[in-house]
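Going by TrEMBL, these are the annotated features:
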DOMAIN    1-230  domain 'tRNA methyltransferase TRMD/TRM10-type'
BINDING   G111, L135, G136, D137, Y138, V139, L140  S-adenosyl-L-methionine binding site
REGION    214-233  region 'Disordered'
Amino acid sequence: MRIDLISIFPDYFAPLELSLVGKAVSSGLVELGVHDLRTWTHDRHRTVDDTPYGGGAGMVMMPQPWGEALDELVPPEAQPTLILPTPSGQLFTQSLAAELAEQDWLLFGCGRYEGIDARVAEHAATRMRVIEVSLGDYVLNGGEVAALAIVEAVVRLLPGVLGNPESLAEESHGADLDGLLEYPMYTKPAQWRGLEVPPVLLSGHHEQVATWRAEQSRQRTAQRRPDLLQGPN
Ligand code: 6GU
């Protein structure tokens, strides 16, 4: 998979050299490109933003540097998926992560300020798939941290990235748990600071363990995320 990221803060993506994603890059499973949006400015101050038409606070990212960046990075016949992280996007979910993991080229356009001139997404959509994606109902200062989260969620799903592919089974939000939250996990010692591991987990009864875990998932989901019990969204 190829992943390109465009941002005025390319240094935000240094952590992609670490850990699992870093290994996927150094092993060649993922080809990573990080690009400074200011490469596609032409004025002395390398300006990327301007005041909003219609008034209001803050600044808006100008379409021109984005347009030139996409023209240069995306050849005429190529079909990357352009992901624009924004708090007004569709919610990023495990099922979207799984779908993105099947693409061969993801391109992230990370906006700052009050966002990117809306014509950038509109124009890009005439020649590639464009999705505006939000991590959740809160506001970050820009798309960079969201892009990091999305890249990590996607890359760990690529075949050959996780040391133990069984780690992908039975995760919170995965299909194996019916979209419920994961049950609590324990390791040795069986007693720690006066707290015991639930005895069923030490019993060796696989069926009882499975029943207990399913019930814990259900209780936990009812308490913390009742919205998930309404079924798949
Ligand atoms: Cl994707 N971007 C920004 N700027 N803020 C967010 C977000 C994205 N998701 C949640 N908050």
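Using the three backbone atoms N, Cα and C, a Cβ is placed for every residue, glycine included.
Feature annotations (TrEMBL) mapped to structure.
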residue: G111; record: S-adenosyl-L-methionine binding site; DSSP class: coil
residue: L135; record: S-adenosyl-L-methionine binding site; DSSP class: coil
residue: L140; record: S-adenosyl-L-methionine binding site; DSSP class: coil
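When the Cα positions of G111, L135, G136, D137, Y138, V139, L140 are compared pair by pair, the longest gap among these S-adenosyl-L-methionine-binding residues is 17 Å.
Taking Cβ-Cβ distances under 8 Å and a sequence gap of 6 or more within the same chain, the neighbours of D137 (S-adenosyl-L-methionine binding site) are P87. In terms of DSSP helix, strand and coil, the region 'Disordered' (214-233) has 16 helix, 0 strand, 4 coil. Among the binding-site residues G111, L135, D137, the ones whose Cβ sits under 6 Å from an atom of ligand 1 are, in sequence order, L135. Compared over the binding-site residues G111, G136, the count of CB atoms lying within 10 A of a residue's CB peaks at G111. Counted over every protein chain shown, other Cβ atoms within 10 Å are most numerous around L135 among the binding-site residues L135, V139, L140.
Remark: Y138 (S-adenosyl-L-methionine binding site) has P87 as non-local neighbours, by Cβ distance under 8 Å and separation of at least 6 in sequence.
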